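Asker: Copying in the features that TrEMBL gives for the protein in this structure:
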type: DOMAIN; residues: 36-164; note: domain 'Casparian strip membrane protein'
type: REGION; residues: 1-20; note: region 'Disordered'
type: TRANSMEM; residues: 43-62; note: transmembrane segment
type: TRANSMEM; residues: 74-99; note: transmembrane segment
type: TRANSMEM; residues: 111-137; note: transmembrane segment
type: TRANSMEM; residues: 157-178; note: transmembrane segment
Amino acid sequence: MSSVSRPTVHPVEAPPLTDGPQNALIRVRMKDVQGMPGTRGSLSLRLTQFVFGLVSICVMATTSDFRSVTAFRYLVGAVCVQILWSLSMAIVDIYALLVRRSLRKQIIFRLFTIGDGIISTLTFAAACASAGITVLIDNDLDKCSENHCARFQTATAMAYISCFAMMPSFLLNFWSLASQ
């Protein structure tokens with residue numbers, strides 16, 4: 001006899017069978033919460049982030065004088081980064097849904113969580129700065145007749161909505177990462 005360890009096999013309980021095609025629903029594990037990477041909920045959140053970010057950029061780009069205010073330039077830059085992140089994560093979600101793969105690896109959750117946290121913080125800070133400048137122009141300086149206050153406010157509101165659409169993604173990814 002050699003002193004090599006032998007592998008042991010532990011029996012695994014088979015899942016119960018269904019009664020037929022009418023009861024052949026896809027079983028969802030507890031970890032497949034809608035909104036986590038690779039689910040339809042995650043895809044809808046990513047597309048919502050993308051659409052509201054794109055609207056924010058388009059509204060801000062239609063103004064001629066947004067380049068004169070640093071906060072508005074920061075908003076455009078932050079939302080551009082957020083749009084690229086949301087689009088790339090939506091593509092990952094689409095791929096996972098098409099090939100029916102789950103994205104439960106810890107490294108993927110870390111990437112998604114850190115990315116969502118950084119991007120949402122960046123977008124929220126840019127939206128806050130833009131809101132502050134918009135309030136300054138509108139209420140304190142009373143120069144809305146000379147500027148595009150309604151467009152600035154719309155772009156800022158769309159950036160806020162895009163940021164708030166990213167929060168569930170971040171929180172679910174963070175929760176999943178912490179529970180692993």
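A Cβ is built for glycine as well, from the same backbone N, Cα and C atoms used for every other residue.
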Asker: When the domain 'Casparian strip membrane protein' (36-164) is classified with DSSP, how many of its residues are helical, how many are strand and how many are coil?
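Answerer: Per-class counts: 105 helix, 1 strand, 23 coil.
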Asker: Against which stretches of its own chain does the transmembrane segment (111-137) lie, if we need a Cβ under 8 Å and a gap of at least six residues from its ends?
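Answerer: Cβ under 8 Å, 6 or more out: 37, 53, 69, 71-72, 74-75, 77-79, 81-82, 85, 89, 103, 143-144, 147, 149, 152-153, 155-156, 159-160, 162-163, 166-167, 169-170, 173-174, 177.
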